[in-house]
Amino acid sequence: MAFLTTIMILFTISYICLWLTKLVSKRGETCYMIDYECYKATKDTMLDTEQCTKIASRNKNLGIEDYRFLAKTMVSSGIGEETYGPKCIILGEEEHPKLADSLSELESVFYDTLDRIFARSKISPSQVDILVVNVSLLSTVPSLTSRIINHYKMRSDIKAFNLIGMGCSASLVAIDLVQHLFKTQKKKIAIVVSTEAMSAHWYCGRERSMMLSNCLFRVGGCSMLLTNDRARKNQSILKLKCMVRTHLASDDEAYNCCMQVEDDEGYQGFRLNKTLTKVAARALSKNLRVLLPKVLPLWEIIRYVLLKSRSKINLKTGIEHFCIHPGGRAVIDDVGESLGLSEYDLEPARMALHRFGNTSSGGLWYVLGYMEAKKRLKKGDRMLMISLGAGFKSNTCVWEVTRDLDRTNVWKDIIENYPPKKTINPYIAKYAWIHDKDMDFVTTDDIKMMLIGSAA
């Protein structure tokens, strides 16, 4: 007993020394979030049941079994009736998208969110020192950062970074880049813009693992305003406490589970393999092994080590809120189960998925917006952000809330309707007949006419 007590005392002293060393080494390394703004598209681009059905019925490659698969997928997706799609897809131009369509989609996100941030913060574009834009699926010349700099006539010495191909976890990659730049540059202001170009990436083939992306991904994005200037501390809403990034691309299974490819017919899209949820769990597990000792109290770490086989680690001993990437219902379910989270903890991610869909790298901020709209975030609270993306990557960070948050945001005017009361899924209500075996004997053209008729 005396030996164990001695070991515990030495371990505690070592832990305290390590903590003090880190505290001293991080003096001056501060990253505050002053503001963020999520994009809300126009009503004419909403992808409700009827609109989705019209788009699917235009695909000349689909048969009865494919329509059954799509109906089943949409029922179980967790996505609601008010998500947004690219305008060119609504107009029926999915097979022949133009560069102008993608640029128009992105510029709507860029300038709508940034105009609001600059107006609200009273910080002008000319005061921005660092600009990071992450859009995985579009690389243009000049770059997207150059388009923003030109639009706002920003300074010539601004440090601009254009990140592509980083997937749904790109937003935290961009913030990590900013926090590293802050370590060597004092009193700076940074802008991060996270969104995706969906216009040119609607899959028009019939491979089921690639049809999933049409069911999940939607238009959206977010801009964030960050600083390391302590004089602006009172203006901030969040303070970054720590960040951990995990990348499993050296593993073939992880590398191939989410990939942009062409199918056998030459149609380009994203193949989401069945191994994706397993890979995501493995990536997150590796990540949390590094993150949790940084944020949980020592006594909880010791308790978990001693009772590892009989107990899950209690994340709520060091974290009050959980901001999970709304990538799909299965992803949210698996993360919640593996971390022992309650339905209350998962509600923000589920509602962000329901209202806005999977908006790729911008998705986390709709989850944050939900928490703020529900007035959950109080000064001193700690929030864990979990992002998952192709590569395969798991990126996490912990923010501390620097003041009670009750501002209006993208959830304004709709937050009172969430969580929605349970109602029958519209795909079940309107298209249950498609699963009838009698439909096996109906021609594909007749099926399409019936779908359009039901959507009318």
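Any Cβ shown, glycine's included, is placed from N, Cα and C.
Sequence annotations record features per position, and here TrEMBL assigns active site to Cys168, His247, His321, His325, His354, Asn358. What TrEMBL lists as domain 'FAE' is 25-306. Among the features that TrEMBL reports, domain 'Beta-ketoacyl-[acyl-carrier-protein] synthase III C-terminal' is placed at 318-400. The feature transmembrane segment is assigned by TrEMBL to 6-24, 160-182.
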- Same-chain residues at least 6 positions away from Asn358 (active site) with a Cβ under 8 Å from its Cβ, in sequence order, are Ile79, Cys168, Leu216, Phe217, Arg218, Pro326, Gly327, Gly328
- Message: Using Cβ atoms and a strict cutoff of less than 8 Å, what residues sit near the transmembrane segment (160-182) while being 6 or more residues removed from its termini?
- Response: 29-31, 130-139, 143-146, 149, 188, 190, 192, 194, 222, 224, 226, 228, 240, 243, 245, 258, 325, 327, 358, 360-365, 385, 387-391, 393-397
- Query: Given His321 (active site) and His354 (active site), what distance in Å do their CA atoms have, once rounded to a whole number?
  - Reply: 19
- Note on the structure: Cβ atoms other than its own within 10 Å of the Cβ of His247 (active site), all chains, total 18
- Pairwise Cα distance for His354 (active site)/His325 (active site) [Å, integer]: 13
- Rounded Cα-Cα span from His247 (active site) to His325 (active site), Å: 16
- Message: Let's see if you can do this one: DSSP helix, strand and coil counts over the domain 'Beta-ketoacyl-[acyl-carrier-protein] synthase III C-terminal' (318-400), in that order.
- Response: 39 helix, 21 strand, 23 coil
- A correct count of other C-beta atoms within 10 Å of the C-beta of Cys168 (active site) gives 28
